Amino acid sequence: MNNIRKNHPLMKIMNNSFIDLPAPSNISSWWNFGSLLGACLALQIITGLFLAMHYTADTTTAFSSVAHICRDVNYGWIIRYLHANGASMFFLCLFIHIGRGLYYGSFTLTETWNMGIILLFTVMATAFMGYVLPWGQMSFWGATVITNLLSAIPYIGTNLVEWIWGGFSVDKATLTRFFAFHFILPFIITALVLVHLLFLHETGSNNPLGTSSDSDKIPFHPYYTIKDLLGLLLLVLLAMMLVLFSPDLLGDPDNYTPANPLSTPPHIKPEWYFLFAYAILRSIPNKLGGVLALISSILILAIIPTLHMAKQRSMLFRPLSQCLFWTLTADLFVLTWIGGQPVEYPFITIGQVASILYFTLILILMPMVSLIENKMLKW
């Protein structure tokens, strides 16, 4: 019998990726977040498309066009809040996805891991540009402060910033180009996701034990399709609780004030998912040093496969490494909290200590403890 699912050129690709894909039999719920990220991306593209139909990328009308979407467009309010809180869901899943990769040693699949880092940077750039579009106070000043960081680059910095702005300050040209980039980037992200999956399917998934799964595999469908569906339902529940009960919980009240270049808000801060990096940036008094620390805080992920000293791939049976992993998690929570606080004592000191601890844990303590564990296990 000619099975269309297995023989049709397009269906065959879908079949080998999502239906007959051999998957490890023991992957836990921490492996759900890849599919949840795919769902978040789809949600963002769909809601974003409908928002773009009513939004105007002009400094005089951008703010009122967002208000118009919420007030006059049919279900515009839910589309807008799904898009805004969808970004938070996206980053929540992203951080858990990366955390799982660190804990279970998935970074040893270097091509997939490096592709993931490129994806992280692209998603962060997209989210930043999206935050500028409503043209509220925090949008305008966030754009000014973050783009201004590029002026720390020696020699070409100032020219680079003015080139990005399209003038001598954040203005109409900046908003228009940010909208254009914000629209195109999710489609680039989709293409990168396909490459990410291509690399993953070359090697197959890791599992909680960190061992080879070749001896025991099960088909992706129905086992993991059902499992992913449960994760999706829980994510939808969380998203709907946010959107329908407290849609502005994660936003900034300052963004309900139209952008005013003549009045600076008392505390300029980005969305919650950038606060950890923002805290690291602020903890260094030097501008260039701060920018380097900011970039390093994310780029450090690229050298994690090199820093992996343990003979075991996963942290499942390495209690000392587990302690350091959860210390790192707690440290990131502290940095996120500090990023949202004003620049004054004691927050400055706490931020500096947390920033030093972040780099020390990853660069020194984790590799050292891995070597100690190897010795303890007589490896």
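Glycine is treated like the rest: Cβ placed from N, Cα and C.
Feature list (source: Swiss-Prot):
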| type | residues | note |
| --- | --- | --- |
| BINDING | His83, His182 | heme b b562 binding site |
| BINDING | His97, His196 | heme b b566 binding site |
| BINDING | His201 | ubiquinone binding site |
| TRANSMEM | 33-53 | transmembrane segment |
| TRANSMEM | 77-98 | transmembrane segment |
| TRANSMEM | 113-133 | transmembrane segment |
| TRANSMEM | 178-198 | transmembrane segment |
| TRANSMEM | 226-246 | transmembrane segment |
| TRANSMEM | 288-308 | transmembrane segment |
| TRANSMEM | 320-340 | transmembrane segment |
| TRANSMEM | 347-367 | transmembrane segment |
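A C-beta separation below 8 Å, combined with a sequence spacing of at least six in one chain, links His196 (heme b b566 binding site) to Thr112, Met115, Gly116, Leu119. The listed stretches are 33-53, 77-98, 226-246, 288-308, 347-367; of these, 33-53 has the most Cβ pairs under 8 Å to the transmembrane segment (178-198). Counting only same-chain residues at least 6 apart in sequence, those with a Cβ under 8 Å from the Cβ of His83 (heme b b562 binding site) are Gln44, Thr47, Gly48, Leu51.
In this structure, His196 (heme b b566 binding site) is part of a helix by DSSP. Beyond the transmembrane segment (77-98), the same-chain residues lying 6 or more positions past its ends with a Cβ under 8 Å from any Cβ of the stretch are 30, 33-34, 36-37, 40-41, 43-44, 47-48, 50-51, 66, 69-71, 116, 120, 123, 127, 130, 235, 238-239, 242-243, 247, 250-251, 271-273, 301.
The Cβ neighbour count for His201 (ubiquinone binding site), using a 10 Å radius and every protein chain shown, is 14. Just going by CB pairs under 8 A, the stretch in 113-133, 226-246, 288-308 that sits most against the transmembrane segment (33-53) is 226-246. Cβ-based neighbour count (10 Å, all protein chains) for His182 (heme b b562 binding site) stands at 21. Taking the Cβ of His97 (heme b b566 binding site) as reference, residues of its chain lying under 8 Å away and at least six apart in sequence are, in sequence order, Phe33, Gly34, Leu37, Gly116. Residue pair His182 (heme b b562 binding site) / the residue listed as 'ubiquinone binding site' shows a Cα separation of 29 Å.
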